[in-house]
Amino acid sequence: MDKKSSTRKGPEFCSLRYGLALIMHFSNFTMITQRVSLSIAIIAMVNSTQQHGLPNTSTEGPLADTLNNPSRSMKEFNTGASVYEWSPETQGIIFSSISYGIIVTLIPSGYLAGIFGAKQMLGAGLLISSLLTLFTPLAADFGVILVIAIRTIQGMAQGMAWTGQFTIWAKWAPPLERSKLTSIAGSGAAFGSFIILCVGGLISQALGWPFIFYIFGGIGCVCCLLWFTVIYDDPVHHPCISVREKEYIVSSLAQQSSSPRRSVPIKAMVRCLPLWAIFTGFFSHFWLCTIIITYLPTYISSVLHVNIRDSGVLSSLPFIAASSCTILGGQLADFLLSRNLLRLITVRKLFSSLGLLLPSLCAVALPFVASSYVTTIILLILIPGTSNLCDSGFIINTLDVAPRYASFLMGISRGFGLIAGIISSTATGFLISQDSVSGWRNVFFLSAAVNMFGMLFYITFGQVEIQDWAKEKTLTRL
């Protein structure tokens, strides 16, 4: 009787766990728009970049040609917002400062979320990030130091929010639905990147770049209200969940511990090669992804010579592909597992390999096709799209090897990724400041090399079995 009920599948798309995935999708959408908003706004904020784009807007690129006199429209919509003299090196430091903040809170917030619950921590992080986004234009008027400080604190808040998600999924996601649920939630980041880059340039020209921060900071505050109202840490305590769905989730997670823990086996974790395979995968994945998210508008503006409006629209296209690939990749991964077509370890390594190899090939090809407008855009679209296949690979592998410590380990994993983001953002700023053509070529070649190393390391040492140190020790009492 128990066995039968445990295997009976609960409702899917009309269920609370999928509603949770959609709300988390919206939360990730909000956080990434707040993070990426500076990448599109900085084209208008920095004087040298804006001046560079103007003389070329009427002659370069097919998209610019289809718009009526973009140079004139830029002047018409000039709102008199402040323009700052920030060098490429300074911009690289500003871009990477949010990653410094995320690193500070990732590990402690992951551990605390596992003990005290993720709802309050994630909601607080989202609220703080939203409020700081609203204050960013004011901070810019006071100087670059305050902008860096604001972005760093905002990173600390987002670190709290990113990490807490995996504590929630450890209690809400049945094993055979993990890829699907986490991909729906995670695709919010790619969709948010698409939206902010697509409309950011239009907002900047129509209202002024400060309104990019005002609008998406306000959306974040609205999202916080939804989060605190609807979300619960686990299905057992949710007042609106159906009995059938609750029983299905609880029974499917019966083999995993939900008991509180007082200590973390740090020494065992340090000696665990499967964990290092995950950490290396995160480092490689975030290296190239951070460059694309941060510098894509700048790359399109400088290489294709388009204005801020066209640059934003073109920069948004890769992320609609990324959002689609994230969801489709999760669906395909769970399909292969549910039909027993591939083993779990094969699925994880297959999607990880594709997510690291394919974008590397596209990145290496970019410098050689810079003269072709269409080919460049196609490759830029493919890089984030194929890269997000990793979401069904090592990105969720901590839920396989150590579900008890998933949130804590996700914090460490994202820490490695953010270290990669800091290094790659700063290095990119310095490389392109020396010489644009050779600088971008070196950036993409180095990114491909880092991805290849991560792929080979994960293929060699990645596992999916629950590690001995992650298993709950049961005590028999007489």
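Positions of Cβ are set from backbone N, Cα and C atoms, glycine also.
Summarising the annotation, TrEMBL assigns domain 'Major facilitator superfamily (MFS) profile' to 36-466.
Summarising the annotation, TrEMBL assigns transmembrane segment to 98-118 (among others).
Annotation comment: TrEMBL describes 124-150 (among others) as transmembrane segment. Nonlocal intrachain contacts for the transmembrane segment (124-150), taken as residues 6+ away from its ends with a CB within less than 8 angstroms of a stretch CB, comprise 27, 30-31, 34, 37-38, 45, 81-82, 84, 86, 90, 93-94, 97, 105, 109, 157-162, 164, 209-210, 213-214, 216-221, 223-224, 227.
Residues or ranges marked as transmembrane segment by TrEMBL: 181-203 (among others).
Under the heading transmembrane segment, TrEMBL lists 209-232 (among others). Beyond its flanks by at least six residues, the transmembrane segment (209-232) meets 19-20, 23, 26-27, 30-31, 33-34, 37, 40-41, 44-45, 81, 119, 122-123, 126-127, 129-134, 136-137, 168, 196, 200, 203, 238 of its own chain at Cβ-Cβ distances under 8 Å.
Per TrEMBL, transmembrane segment is recorded for 272-296 (among others).
Cβ atoms under 8 Å from those of the transmembrane segment (316-338) belong to residues 176-184, 186-188, 190-199, 292, 296, 344, 347, 351, 377, 380-389, 391-392 of the same chain, restricted to positions at least 6 beyond its ends. If you look up TrEMBL, you'll see 316-338 (among others) marked as transmembrane segment.
Long-range contacts of the transmembrane segment (350-370) within the same chain, counting only residues at least 6 positions beyond its ends with a Cβ under 8 Å from a Cβ of the stretch, are 281, 284-285, 288, 303, 329, 333, 342, 376, 379-380, 382-384, 386-394, 437, 440-441, 444-445, 447-448, 451-452, 454-455, 458-459, 462. What TrEMBL records for 350-370 (among others) is transmembrane segment.
TrEMBL lists 376-396 (among others) with the feature transmembrane segment.
Taken from TrEMBL, the feature transmembrane segment applies to 408-432 (among others).
Among the features that TrEMBL reports, transmembrane segment is placed at 444-461 (among others).
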